[in-house]
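For reference, the structure discussed in these notes is given below.
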Amino acid sequence: MRKQVALVTGAAGGIGFEIAREFAREGASVIVSDLRPEACEKAASKLAEEGFDAAAIPYDVTKEAQVADTVNVIQKQYGRLDILVNNAGIQHVAPIEEFPTDTFEQLIKVMLTAPFIAMKHVFPIMKKQQFGRIINIASVNGLVGFAGKSAYNSAKHGVIGLTKVGALEGAPHGITVNALCPGYVDTQLVRNQLSDLSKTRNVPYDSVLEQVIFPLVPQKRLLSVKEIADYAVFLASEKAKGVTGQAVVLDGGYTAQ
């Protein structure tokens, strides 16, 4: 991965930041992207302070003109773009009959349309290079249903389909496209959701883990962001050149049941 250039969206924190860090640790030049400029700059600065080659480019992944501009800037500055990680995501939970249509459409836009737009604009560069690694962060919710997550599940199922099409179109040009499907991961977003649930149920945080999450996960634990990042590194590596069009599951056994 040394001397390669990687763009990671939604990289100001959580899984995205850890993926950016692990890519940088492997020697890649990393472009940290996020909708929030200050958080984006802070994340890139943190990586730079750790001695890594990192730059911040904040932009809205749903705005095609901004995506095109970002890809052009990267191409001009680095002369190449080897790795794309589509990680940006948002969440909303509600029964179908109570789910606001505009919220549903926004989730689809961020987590399905945005990866399509990004792939659309990096494919020409990767085809010209005859090399590319695209990793779409999907979810176990892209493989199974989950009540209350109609938009999230629809987007994640869709991005797995997009991944397969991208893999077929990219294969003749040295481009691999895969989807990572994490289960429950120890991120701030998940911790906030569990904290809200503990308040709603008036039970301790650990009780929420024991009563709600662990019955679903045979390993009885949350995955770490580094576990997800390590697998992203593998998929971007030469060792995984034969892996493409796959929905790779890391879920502590959740979908084995």
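Positions of Cβ are set from backbone N, Cα and C atoms, glycine also.
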Per Swiss-Prot, which of Asn72, Asn87, Asn178 sits in the NAD(+) site along with Asp34, Asp60, Val61, Tyr152, Lys156?
Asn87
Radius 10 Å, atoms counted are CB only; among the binding-site residues Asp34, Asp60, which position scores highest?
Asp34
Around the Cβ of Lys156 (NAD(+) binding site), other Cβ atoms found within 10 Å total 27
Three states by DSSP: which one describes Asp60 (NAD(+) binding site)?
coil
Around the Cβ of Asn87 (NAD(+) binding site), other Cβ atoms found within 10 Å total 26
What whole-number value in Å do you get for the largest C-alpha pair distance within Asp34, Asp60, Val61, Asn87, Tyr152, Lys156, the residues recorded as binding NAD(+)?
19
Once DSSP output is merged into helix, strand and coil, Asp34 (NAD(+) binding site) belongs to coil
